[in-house]
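J.: For reference, the structure I am asking about is given below.
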Amino acid sequence: MKVIALFFLFAFIFCTLEVAIVEAGFGCPLNQGACHRHCLSIRRRGGYCSGFFKQTCTCYRN
């Protein structure tokens, strides 16, 4: 029973790290300014880091 619990714990941690690597971008989660500048560069009004642990750069609509 303990082996199964440890397996699921490691699987959960691995999946969480994989999601973080895939979704992190444009400065998020540590540099919200980079996300904002990216959004400005694609002709949006700006942007911010949102989502789970602020890992997704979300741009404001024009």
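Glycine too: its Cβ is placed from the backbone N, Cα and C atoms.
From Swiss-Prot, here are the annotated features:
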DISULFID  Cys28-Cys49  disulfide bond
DISULFID  Cys35-Cys57  disulfide bond
DISULFID  Cys39-Cys59  disulfide bond
SIGNAL    1-24  signal peptide
J.: For Cys49 (disulfide bond), list the number of other Cβ atoms lying within 10 Å of its Cβ atom.
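T.: There are 22 such Cβ atoms around Cys49 (disulfide bond).
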J.: Mind giving me a neighbour count for Cys59 (disulfide bond)? Other Cβ atoms within 10 Å of its Cβ, every protein chain shown.
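T.: The Cβ of Cys59 (disulfide bond) has 18 Cβ neighbours within 10 Å.
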J.: Where does Cys57 (disulfide bond) sit in DSSP terms: helix, strand, or coil?
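T.: For Cys57 (disulfide bond) - judged by DSSP and reduced to three states - the answer is strand.
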J.: If you draw a 10 Å sphere around the Cβ of Cys39 (disulfide bond), how many other Cβ atoms fall inside it, taking every protein chain shown into account?
T.: 19
J.: DSSP secondary structure for Cys39 (disulfide bond), reduced to helix/strand/coil, please.
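T.: Assignment for Cys39 (disulfide bond) reads helix.
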J.: Just jot down the residues in the same chain as Cys35 (disulfide bond), at least 6 apart in sequence, with C-beta under 8 A of its C-beta; none if empty.
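T.: Set apart from Cys35 (disulfide bond) by at least 6 residues yet with Cβ under 8 Å, we have Phe26, Gly27, Cys28, Gly47, Tyr48, Cys49, Cys57, Thr58.
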J.: At a 10 Å cut-off from the C-beta of Cys28 (disulfide bond), count the other C-beta atoms across all protein chains.
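T.: That number is 23.
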